[in-house]
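See below for the structure under consideration.
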Amino acid sequence: MLVLLAGIFVVHIATVIMLFVSTIANVWMVSSSSLGTISTGLWLLCNKTCIQLSVKSGDETSLKVVQAFMILSIIFSVVALILFIIQLFTLEKGKRFYMTGAVMLVCWMCILIAVSIYTARFTGKTQYVTNPHHGYCFILAWICFCFSFIIGILYLVLRKK
């Protein structure tokens, strides 16, 4: 049981770190243009230098929603990690990890909403570029989506042990 808890704890910390990286770094979409490689993220558009990401007025709300849900997912993931540590040492068997699992599943939903909106609204919509493809931040966000779901379910299952 201790090895299982340690493994879940390590995967949870890895998920928090990957969420930070995927939200902060500006490599959600990568493409080529006459100026070189261009990467866009949630905040900036980077070529050799980075500038504020400009989007059409219709997509501005969608971008702000994606930014907000990614930040919320980080907050919920950190709160779940703190709850896990607190509940591990304070609650008796059978009552542990209800809140941790619930908060982690809320984190999972936030990631799902953010990445789904980004996929629907911003994939391949860059003008004057060739060969647009997803960057590592987008892929990390989907990996965090999977990890947060698995961790949330495991926390709910572990409450019985």
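Placement of Cβ uses the backbone N, Cα and C atoms for every residue, glycine included.
With a threshold of 8 Å between CB atoms, the same-chain residues lying at least 6 positions outside the transmembrane segment (6-28) that come near it are 39-46, 50, 70-71, 73-74, 77-78, 80-81, 84, 104, 111, 118, 122, 134-138, 140-141, 143-144, 147-148, 150-151, 154-155, 158. Annotation comment: TrEMBL describes 6-28 (among others) as transmembrane segment.
The transmembrane segment feature in TrEMBL is assigned to 67-90 (among others).
Beyond the transmembrane segment (97-118), the same-chain residues lying 6 or more positions past its ends with a Cβ under 8 Å from any Cβ of the stretch are 12, 19, 28, 42, 62, 65-66, 69-70, 72-73, 76-77, 79-80, 83-84, 87, 138, 141-142, 144-145, 148-149, 151-156, 158-159. TrEMBL lists 97-118 (among others) with the feature transmembrane segment.
If you look up TrEMBL, you'll see 138-158 (among others) marked as transmembrane segment.
Only residues 6 or more beyond the boundaries of the transmembrane segment (67-90), in the same chain, are considered here, and those with a CB under 8 A from a CB of the stretch are 5, 9, 12-13, 15-16, 19-20, 22-23, 42-43, 96-97, 99-100, 103-104, 106-107, 110-111, 113-114, 117, 141, 144, 148, 151-152, 155.
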